[in-house]
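**Student:** Copied straight from TrEMBL:
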type	residues	note
DOMAIN	5-453	domain 'Aldehyde dehydrogenase'
ACT_SITE	GLU230	active site
Amino acid sequence: MSTPYDVINPSTGRTIRAVHHASLEETDAVIARAHAAAPAWARVDPADRGRLLRRFADVVDAHLAELAELEIENAGHTRGNAMWEAGNVRDVLHYYAAAPERLCGRQIPVAGGIDLTFQEPLGVVGVIVPWNFPMPIFGWAVGPALAAGNTVVVKPAELTPFTALRLAELALEAGLPEGVLNVVPGEGPVVGQRFVTHPHVRKVCFTGSTAVGKRLMALAADDLTRVTLELGGKSANIVFADCDVDAAAAAAPGAVFDNAGQDCCARSRILVQRSVFDRFMESMEPAVHAVRVQDPSLNGDADMGPLISDTQRQRVRGFVEDADSAVQIAFRGDAPDGAGWWYPPTVVVPTGTGDPLWQEEIFGPVVSVLPFEDEADAIAMANDTAYGLAGSIWTDNLGRGLRVARGVRAGNLSVNSHSAVRYSTPFGGFKSSGLGRELGPDALDAFTETKNVFISTAH
Ligand code: NAD
């Protein structure tokens, strides 16, 4: 039996509308539809599959503003971000629309015949999406999975189902056959977990917390279901004295407060070389005060919206206001009072590298800053974390930039920039930040099995 679930606008705390959560039986029925649709989708000619994905991208493009409005209301994303996110779905679909015609196998020299490899689709792929970036994370899995000839079942996060539901409608409008792309709103432990335990789902892409990711990986072992895990992060922003310190300070707030800090790549630990620590803090303070925290549906130029839920806000408060020891707040910006799950951008100086503020993923607009001595110290401090997703290095010394980038145990590094996510380059984490890579030219490897065929020339 399905149950209604009230979806809330985080800027107002008011219900938008209820969405029906699928039961186990309903989930199984959708997986059965995806399974039934898989052979025909895998047989669609490569050029036609590419054409359908391009058409899907074009239909998404024609609905960018509508998709962005849904996300502004449902997730409190700023207008600029929401438009970028919808455009990212379009761009990922366009990028992987080229893939069906380039899914080349190999011809390997062997004795007595010819040896060929084929990249075969897996069948049904399950995608479990979190609430922080509902559209991009949907697109990063759905685009390459469909291009490789798989059918897909998607479970959006309970808090943010609307854009995924609309994207599934747009896919049908673009001409994708029924059953190829399916969206099943529901609870993680019901719908999401069923994706992992159902024998017809051959691969699961999970993005979310490390705790749930580990549990799903253990469950996946039963059927040897493939998993890609994109998990948490506590990424370092390392500022060397030889960089343009003012530029680094001006860029630091955006690197952590974007999406209200609810970003697995948030540069939530700032490491500043001791000789420029005070100057960096002085320079960052006005940039933090300048962050406009506003209801994004009323203010098109808001820089930051609310947190996604009251639960998330309580969690963030727990690290700062409710912590056992008094937390040293260096400075903080403003946030609206009243309804909605608001929290101001906050800069703290932790007691040391063992402080939970320095070690734990807060997933909110809180950044910790500590000084370091030299290059070796910076690398050691950056690596002193369970996570390894992203990081930034600010230096005018190219050799140092490369040395430190190679030294930090994380999947996505940038030098003199905080940008490390592009659909054309690989994305994923080391250590507790995950397993496998999404995006980039090799993403289809994660959605195909390699089949080897030997043909004898003896007869
Ligand atoms: P979460 O792990 O609770 O939920 C993520 C998704 O998993 C949701 O769709 C949820 O319904 C589902 N889920 C929950 N329990 C499940 C279960 N037992 N079986 C199957 N599915 C289940 O995390 P969250 O609260 O949505 O997101 C915040 C966390 O996710 C943070 O730690 C953040 O860093 C991480 N995250 C990582 C990335 C990344 O790319 N590495 C991206 C976004 C979020």
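Heads up, the Cβ atoms here are built off N, Cα and C, so glycines get one too.
What's the neighbourhood like for these features in this structure?
**Tutor:** When secondary structure is read from DSSP and collapsed to three states, GLU230 (active site) falls in the strand class.
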**Student:** List, in sequence order, the same-chain residues at least six positions removed whose CB sits under 8 Å from that of GLU230 (active site)?
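**Tutor:** For GLU230 (active site), the qualifying residues are ILE137, CYS205, PHE206, THR207, GLY208, CYS264, PHE427, GLY428, GLY429, SER433, GLY434, GLU438.
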**Student:** Across the domain 'Aldehyde dehydrogenase' (5-453), what does the mean pLDDT come to, as a whole number?
**Tutor:** 97
